[in-house]
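**Q** Got a structure for you, questions after.
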């Protein structure tokens, strides 16, 4: 068979490990020919490909990023987009496509499958908010990076009796904030799923610091929002989404916490370092298993499906099911665990 | 309630995170009093305890080791052992005990439960070979440590066109070797579950190096054994278990691979660095969830059980079930994945 | 002898290693008694001390922060400050004080020495801008942390053909920016010592990206300023120092680079993670050597001096000399090296 | 000019950073043409080269190993070796050669310089025992790797009240052992420069452990040897150099320490992981500065010299001077510092 491979959406540690595994399993195991598609769906719109074989995948396992490039291009937003994608796939002689991406990329895959494209999905989201799979690769790497940063913030906060607000990724989901917050021993964890009450947070900080010299870390997901009426964000500072224009939510919270508690407060915004770097061993293994399973799904003709992790096993899940709704943060984690570590 | 906490067996990254979580959940949430028991079951035999409360657990979350100390002492091997343990527990006024340990520690817990001790188990094994739970904390940290070592070996092996044999932990189980081998891009992975054929391994190496300059890493679990008749270990070099007396299995394999293939071969034995260091974010979260759940199990009177991870959820499992048989390495991993990466 | 030890100013990886070394050398080697002074010079103003001996220093070598606490309190700004410090030192029966700190802390030490205080300095600045010593501990750790972050930014920038602006510490000195920029393979490095021309930077980026898909990293010290007339920072966004109120200089540069070049540009502000974490091996050794040398200087009566590194040797330098002027960034590094890596 | 670049001897983190810097400075700055010579001096014997330019050096800065390959081949040991090297250099039209290597590689460079080869040296030794330069790149990376391993050993040793013997690189020089031992808080450091007395070491361990539960780490350089008469190594276990045949010196010390002290003792042999991995930021900067300076030395006609670090500056040193004698471990470090940390 002749199989195209593409990566779409934001980049994520482990993409290269998936690509390498698809290629290894398909070329060595099935004798397939592989075609690299450049920059996600855009590559099929524009007919741009890259040579892809076992030799070209040497050494990429531990590397972040994606050797295929990526984009957020949606063919359904382009004139004649879907038709051009199908035409390019036919011209390239592709029998199937492995699409590695998140909600958007897999949403396109699902719609194109309905139009006849033979496509297998591999779920990718650093935010871990994709349904149908217990975990996605890249998530643990992002959590590890954020946790190491929080570990560092602890030692500096301790020396100065400070609060430090640490902003992590998560526009719609609090998974990274919750995991990194628990792993980093945060005093408060603010997530998009539950509007936060800043007075409550400040009260916890006041009680804690009244007991003596302590470092306190407040982990906040970039998409966390205050409970109505508890924190006014000056209009001038907001972008179109109601988030602070410069800095982020942390840039608003830090001075406000200092004002309300009287405790010196600093902030840090981790940003893109959470998407970069070498994937953790865990993510490399998960990404490799996903890649192997995707190549096998192609040979089983299991199209319009994605590979997924459930109870330690790799399974196949219809794309429709995975795309039905985002995976909300487990409340057991947020309250059952994090609550006891606030004081 | 008054709850004793002990850690038994080999140490493991995440023990301190479990201890902290039990203490936090019990003291802050339930108003319990905690008692630290020194050095596993030995502390109960000898009546040695340590003060344990929220304050004493400050800062231990990211630290390897166990603040309670540990030992391999089995009360059933000591004169009147079980009776003395029960007597000490009564003298200390303990309503329940949280025992954090592996097969041996939990085996003792199960037998003492039959004699009336109120005990809840927390599974601990760096080797991940305990049944009843999909994962144990510490395992991922060990895999991460081994993988980072293998990453380093790759760059040095590449410069010299060498084979490097890397020996990792796993006397009876090949989980660490398999995960670290996949994550590290090993050419061959040798595990205790399947006797290996060294000629087969050498053939793979020969074919690979004939194609050009390549580094090859052979990951071998310390308990891996050769297929009968394929490799003679000189009697003088073996210890009572049939393993090489000095060095380890790697110290035998490296010169033998060099002799059979003609390719320069070196070895490294990772040893105890795999048990040490700060737990990964993943292991800290798992350990924390286990600790919280153990404190809750005590309050639910769920004795003679252990907490476990299944499909992302923390559940309770009868100790009897967990101890029935070791958890064998998943063959999907060993063959379904690793095989395609040999060449 | 009875020796007080204090740490002042911003915290810095390696402070604990210095403390431990002073204590070890003095207590074990000379039989001295040690007194920990809380929170820098503030502790002497307020008479707050901490017990300090070999036992209390166990395990602190690899830990960031300072077990003594720190502050920026300047006794010369307090009513009767210097007199109170001298009185407290006398009351505590201190024969000498080891003051670990930067320009401010050592400046106070120098003035107090003139008033009769027996004080030995240990130079500390994460920014490496203190004269008299080739290197200060903590600097290499900060550079390492920043470099690892830049490594991560590279992989994500590559996948998206992006520019990423990375803001590092350095309000007055570009040492961290220059070292981390060289080590991280930055395309441009902006430092406080030389006003930058943003058009020049944009031209380099445009030429580079015109050649194909490349990640470009622009490393900017927080104190870097534009050449007059080349970049207007809107008044509303500036703080009293002329720096952007929210975010930092990176928050201004990123959108402006995107506007001028048309290349997607993102930013990250590393902030306090550069001060935290375990010191590198290099910094632990340097800090330990400084601590040992400081205890020996006390016994030699070498007061009003600080220990320093010159050509690999630990020497003593009069505080007056070290405080005469800041250590400017070596132009060989900035131009002789960095320039060839711009394209 | 047309410049050949080669790397010889054992590999070392930072080789790629040197190569990249030579190429960048020469091609971008001087308009030179570069030629990669494969596998050290062997490449010149056999006429094997690799294309080398700015483009081919993309992304290699943070990678361990050497893209040029390396070997220990000595042309002076091959029939007509030197003549063949000179002839190949002439055939390739090389105006000069940058030779990156240690004592052996630079020794050959020096002899070939006498025969007319225009060669500039870049000092490389992971052991830091090359004279003429205060530091060599790769050394700090090896020390960092060893220190992180020792950190891990501490946490596991503490939980079990154990001694752990950690064998590090250094056949003739104790630099790595001393730096990593100080940075890792070792109880004893054994180096090749001074035969050790095992009874003395055991006494220190006994006293220390008698005070309570402690982890003790003994760092031993692979080339450390016992004082005559203090430790008998059974003849059967020794290789031609008098070192244990399997394992290493650690494999002999660990059981012997356990026998003499009664304290449970384990060992680990770090081996080749010390040569691998990404260079530290410090080593990347040093390697880059060396590379830039080597290209400039070529253009200044400063042949038969090597670049070196002295007092923070890059200077040139005649190869003859650098090769005159190895750089012995600074006794200030070994005794002035390490001694106070034994107890």
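Residue numbers in this text run from 1 along the chain shown.
Every residue, even glycine, has its Cβ placed from backbone N, Cα and C.
Source: prediction; values computed, not measured.
Positions annotated as domain 'Phosphofructokinase' by TrEMBL: C:2-298. TrEMBL lists C:10 with the feature diphosphate binding site. Under the heading Mg(2+) binding site, TrEMBL lists C:103. Annotation comment: TrEMBL describes C:104 as site 'Important for catalytic activity and substrate specificity'. Residues or ranges marked as site 'Important for catalytic activity' by TrEMBL: C:124. Look at TrEMBL and you will find C:125, C:126, C:127, C:162, C:169, C:170, C:171, C:222, C:266, C:272, C:273, C:274, C:275 tagged as substrate binding site. The active site, proton acceptor feature in TrEMBL is assigned to C:127.
Explain the structural surroundings of these features, please.
**A** Following the DSSP three-state reduction, the secondary structure of residue C:10 (diphosphate binding site) is coil. Packing around residue C:10 (diphosphate binding site) is summarised by its Cβ count: 21 other Cβ atoms lie within 10 angstroms of its Cβ, all protein chains included.
Sequence-distant neighbours of residue C:103 (Mg(2+) binding site) (same chain, six or more apart, CB under 8 Å from its CB) are C:125, C:130, C:323, C:326, listed in sequence order.
Here residue C:104 (site 'Important for catalytic activity and substrate specificity') comes close to C:8, C:9, C:72, C:74: these same-chain residues lie at least six apart in sequence, with C-beta atoms under 8 angstroms from its C-beta.
In this structure, residue C:124 (site 'Important for catalytic activity') belongs to neither helix nor strand by DSSP; it is coil.
In the three-state DSSP scheme, residue C:275 (substrate binding site) falls into the coil class. Using a 10 Å Cβ-Cβ cutoff, residue C:275 (substrate binding site) registers 27 neighbours.
The local packing around residue C:127 (substrate binding site), expressed as other Cβ atoms within 10 Å of its Cβ over all shown chains, amounts to 27.
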**Q** When you tally the Cβ atoms that lie within 10 Å of each candidate's Cβ, which of the recorded positions (C:124, C:171, C:266) has the highest tally?
**A** C:124
**Q** When you measure from the Cβ of residue C:169 (substrate binding site), which residues in the chain that are at least 6 apart have a Cβ under 8 Å away?
**A** C:126, C:127, C:142, C:146, C:176, C:221, C:222, C:270, C:274, C:275
**Q** Please report the Cα separation of residue C:171 (substrate binding site) and residue C:10 (diphosphate binding site) in Å, rounded to an integer.
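**A** A Cα-Cα distance of 13 Å.
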**Q** Taking the Cα atoms as reference points, how far is residue C:273 (substrate binding site) from residue C:10 (diphosphate binding site) in Å?
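**A** Answer for this pair: 13 Å between alpha carbons.
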**Q** Which of C:104, C:124, C:127, C:169, C:171 (recorded positions) reach within a Cβ distance of under 8 Å of chain A?
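**A** Out of C:104, C:124, C:127, C:169, C:171, none lie under 8 Å of chain A.
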**Q** C-alpha of residue C:10 (diphosphate binding site) to C-alpha of residue C:124 (site 'Important for catalytic activity'): distance in Å?
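**A** Rounded to the nearest whole number, the Cα-Cα distance is 9 Å.
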**Q** Tally every other Cβ atom lying within 10 Å of the Cβ atom of residue C:125 (substrate binding site).
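**A** Residue C:125 (substrate binding site): 24 neighbouring Cβ atoms within 10 Å.
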**Q** Could you state the CA-to-CA distance between residue C:266 (substrate binding site) and residue C:124 (site 'Important for catalytic activity') to the nearest Å?
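**A** Each residue's Cα considered, residue C:266 (substrate binding site) and residue C:124 (site 'Important for catalytic activity') end up 33 Å apart.
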**Q** So for residue C:273 (substrate binding site), how many other CB atoms are inside 10 Å of its CB?
**A** 26
